[in-house]
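**Q** I'd like to ask you about the structure that follows.
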Amino acid sequence: MTSSRFGLWSQLALIVGFSAFALAIGQAYQNPATAYELSIYSSTPELFWALIAIAVVLSLTIAVFGDQQFRALSLLLGGMSVFSIVSLPLIRGYYFIGSGDSLTHLGWVRDVIDGETAITELLYPGIHSFAILLTDVTGFSPERSLMLVVLSFVALTFLLIPLIAFEILPREDTIVVAAFSGLLLLPVNTISTHLAPHTFSQAMLFSSLGIYLFLLYLTRADPSQSRLRITSFGVLLVFVGAATVLYHPMQALNLFVLLVLASAIQLLARWRDWDSAIRSHKTMYVQTAVLGAVFLAWTSRRPAFWSTIDAVSRAAEGYVGGAPPTAAGSTASQGASLQAIGASLPEIFAKLFMVSSLYVGLMGILVLAVLLHRLDALPETDAKVRYLTVGALGTLPFVVVYILGDVGELHFRLLGYLMIIATAVGSVSLVLGLRKLASGIGVRSTHLAVAVVLLLLLPAALITAYPSPYIYQPNQHVTQSELAGYEQAFELHEDGLTVAAVRQGPWRYNDAVLGTDETPRDAYDRSVPTREINTLNSTFAGDGYLAVTEYDRQREINAYQELRYTQAGFESLDARPGINQVISNGDFTLYFVEERVVDQDAAMAEAAA
């Protein structure tokens, strides 16, 4: 094929690809969510998925086989196509997304806007400040602004992962492989990192900017000049490090570990007179010291931060005293629940972490090549892989502490951060491996192989970007009518009657609707015990209100397969005398439970005992 026909073919393919993308967006926009959706994947029209698949296939084909002058456009098409998947909640008119911490973050944004809380009172005010700025500038609601904040950090990561990989190995094919690898969105694992307002998740994605500036500062700053000389990259690294503290101090700690260990490697390389590019790199002692100082200054007077430290300390005391906590207790509990519904931890691991494991393996191969001096011909690549590897390994002690101390699911949060590094370094490993493979099977066959592999990995990774029954989790879609129903319920609470909910108390919704300072959280911490939705004496002492949402029903019946609450149990609420609907709007139902029902349940429980 001549170069002119080759270019024409690429142009036509791009026209078809961008047209498919535009039609897909239109199809999704014209089919908005009208009620709670258990899965955003199955609720989105099939035509959207078909059109996006066409756009992604054409993008990857042009990037690998097409005219090089259209490569940038092909990468743009691929990035926009995958970004549209991530943006589906916004495109399809979701009122809000995020049913846990996200609701509290929404409440904090409301509190700051209403003047109830000063932004400086928050431990991590980064995403809240960003959302408030968007609300002030655009007039969007706090809910919509927070969703835009989430998407902005995803876009930043899509851009920076190929740039990080390019700084490690500055070759054109690195950009292509790393760009599509970044679109896999491996740092998001839906266990402890989410595509919803969640401060650590956004701080984790933001840290990709810190890693990129770290690599730029090493080599783009002139090492022949004074080590105390102020450089633009050095100043930017300081500002980004300080900003990371405001987004989430724990993620700033990970960046601090990277800088400390990189400085240690530089000291060791100069002291031992290593034959390495590390000796010529500019030092970062000032940046490390400033980040450490900002971290300590911000966290030293924050009780919320030190409560985590206290949890770790108490776990350590338990080990010393012979009464240790259950290591990874939450994970073990989830494993038992999965087995109860016919699933297993290996199945979930394969769905959530199979693709991530591949990139960790690729990174491991490259690290082994560095240790065996197979990259001596690429001294800068060798040095930067060493920096990032040591920085990643430096966080592993935290993983061990979090697992042994059973401190929430913080170890999975660290895994998300490590996958930023693994994605970039793994992409470099793949590029170098393909170059060696090309000498055996030919360049075209190698390109075909990498295109097929990336094409298979994309759906395998993106199908778990949002929770769905595929991974035994409910979508975190929050509807406007759900929040409106809770707002009405909380107004009724002024009568002094308890408002309870299913699985856990409705205090998160109180945060979102009324703000975090309006009512003490323990006023809304009452929930229906497991498997006792039709036995309410342990929930209420007398008259009370029970809130049941469509999210509750779909989660328990379809996502969790009636593990704790059954469909029959939910249906019994409408059939039982003494339990009456007070509010019902499709997504939210509030039941008034009369005292006689509670007395009947108590009598039955006493008789059974």
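Glycine is no exception: its Cβ is also placed from the backbone N, Cα and C atoms.
The annotation transmembrane segment is assigned in TrEMBL to 47-66, 73-97, 146-168, 175-194, 200-218, 230-247, 253-271, 283-300, 352-373, 385-404, 410-434, 446-466.
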**Q** How about the transmembrane segment (253-271) with the transmembrane segment (47-66) - do they touch, taking at least 3 C-beta pairs under 8 Å (6 or more apart in sequence) as contact?
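**A** No; fewer than 3 Cβ pairs under 8 Å.
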**Q** Examine the transmembrane segment (146-168) against the transmembrane segment (410-434) and state whether at least 3 Cβ pairs sit under 8 A, considering only residue pairs 6 or more apart.
**A** yes
**Q** In the same chain, who gets a Cβ under 8 Å from the transmembrane segment (175-194) while lying at least 6 residues past its ends?
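**A** That would be 60, 63-64, 71, 75, 78-79, 82, 86, 98, 102, 154, 157-158, 160-162, 164-166, 200-201, 204-205, 352-353, 355-356, 359, 408-413, 415-417, 419-420, 422-424, 426-428, 430-431, 434, 450, 454, 457-458, 461-462, 464-467, 471, 473, 476.
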**Q** Could you tell me whether the transmembrane segment (73-97) and the transmembrane segment (410-434) are in contact, taking contact to mean 3+ Cβ pairs under 8 Å with a sequence separation of 6 or more?
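**A** Answer no: the transmembrane segment (410-434) and the transmembrane segment (73-97) share fewer than 3 Cβ pairs below 8 Å.
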**Q** Hey, which of 47-66, 73-97, 283-300, 352-373, 385-404 has the most Cβ-Cβ pairs under 8 Å against the transmembrane segment (446-466)?
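**A** Answer is 47-66, with the largest number of Cβ pairs below 8 Å.
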**Q** Please give the sequence-distant neighbours of the transmembrane segment (73-97): residues at least 6 beyond its ends with Cβ less than 8 Å from one of its Cβ atoms.
**A** 10, 14, 17-18, 21, 24-25, 28-29, 31-33, 40, 43-44, 52, 55-56, 58-63, 66, 106, 143-144, 146-148, 151, 154-155, 158, 175-176, 179-180, 183, 185, 195-196, 458, 462, 465-466, 476-480, 483, 512
**Q** As a test: from 47-66, 283-300, 352-373, pick the stretch that has the greatest number of Cβ pairs under 8 Å with the transmembrane segment (385-404).
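**A** Between the candidates 47-66, 283-300, 352-373, the best contact partner of the transmembrane segment (385-404) is 352-373.
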